[in-house]
Amino acid sequence: MSTPASTPAPDGSHQRDHHPGTRVEFRGVTKVFTNNKNTETVALDDVSLTVEPGEVIGIIGYSGAGKSTLVRMINGLDTPTSGALLLDGTDIVGMPEAKMRKLRSRIGMIFQQFNLFQSRTAAGNVEYPLELAKMDKAQRKARVREMLDFVGLSDKGRNYPEQLSGGQKQRVGIARALATNPSLLLADEATSALDPETTQEVLALLRKVNKELGITIVVITHEMEVVRSIADKVAVMEAGRVVEYGSVYEVFSNPQTTVAQRFVATALRNTPDMVEEEDLLFHEGRLFTIDLTEDSGFFAASAIAADNGVSINVVHGGVTTLQRQSFGKITVRLTGNPAAIEEFHRSLTRTTTIKEITR
């Protein structure tokens, strides 16, 4: 697979495919829908959020959290009831449709259900937005070949969607989204219809898009594993609000809200559930679940406890490395000198989060 180099624009000029990416900024955006009975539904509630050029941000939340409304705002399919939405410093709220159409040419989008034309080949699907852009035929064909090669489908150009696997269809969708040389890519539940192995392949391709082409990527998902695999930052949404925002490491290692904690737990099973706790409590000793970070003090406290007659066994949990930093939770069973166990507990209370598991 090759990396696209330069692309002829419809006017014949050449554009570099690697660019700084688009900056996206929400400023106090609220969206209220009113039905025919004048009942109001708040889909977005005072959302303020900034995505820097070249970043990959994961927007995560359960159904009804406001994720899809957020992405529809970015490509101009919905407009805020109040607030401002800026792309590269330009407020697009109230922008005339002609200007909005031009702006959309800088935005690519991929979907959960691929949205391919069944009557067109893979190459024909990738070519479609170039036809709309009135690109010269020879240039279109060259660009299609370039894009199919970039996504690893150089031998599938003549295949129709029904002849492709789910992962291949999504690759065609990505190639089509990239065909017009966008600076922003919106991925709306792009891996939800794929099996785990294919999901990782598609995420690897999106990482390649970001790293090699410099494109800003906004990933809408309800799967924390997707965020963990690809994102630099994560925004957690609930009831139309961004309730938590930070680097992937910050949110995974120390989630502050209940909804964020639930999402993190689906990706990192480091804490025993109720059934596992009951099994562990059958045995002698005291059980503690401990947050591990590079400065948690666990290993120093463990060494002191061991020197004072305490046996320490790890019975559950694990350590994860994200963004070159390690963190995790472990559950340990301590037996031996009661006073030394209590000192171990007090010591870690000062440096990290430690919780005793009791009946």
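Just so you know, glycine gets a Cβ as well, placed from its N, Cα and C.
The region 'Disordered' annotation in Swiss-Prot covers 1-21.
Summarising the annotation, Swiss-Prot assigns domain 'ABC transporter' to 24-264 and lists sequence analysis as the type of evidence.
Under the DSSP three-state reduction, Gly61 (ATP binding site) is assigned to coil, being neither helix nor strand. Here Swiss-Prot flags Gly61, Tyr62, Ser63, Gly64, Ala65, Gly66, Lys67, Ser68 as ATP binding site, drawing on sequence analysis.
Shown in sequence order, His222, Met237 are the same-chain residues outside Gly61, Tyr62, Ser63, Gly64, Ala65, Gly66, Lys67, Ser68 whose Cβ sits within 8 Å of the Cβ centre of the ATP site. When each of the binding-site residues Ser63, Ser68 is scored by how many other Cβ atoms sit within 10 Å of its Cβ, Ser63 comes out lowest. Looking at the domain 'ABC transporter' (24-264) alone, the prediction's average pLDDT is 92. Counting every protein chain shown, 23 other Cβ atoms lie within 10 Å of the Cβ of Gly66 (ATP binding site). In terms of local Cβ density within 10 Å, Gly61 ranks first among the binding-site residues Gly61, Gly64. Cβ neighbour count for Tyr62 (ATP binding site): 13 (other Cβ atoms within 10 Å of its Cβ, all protein chains included).
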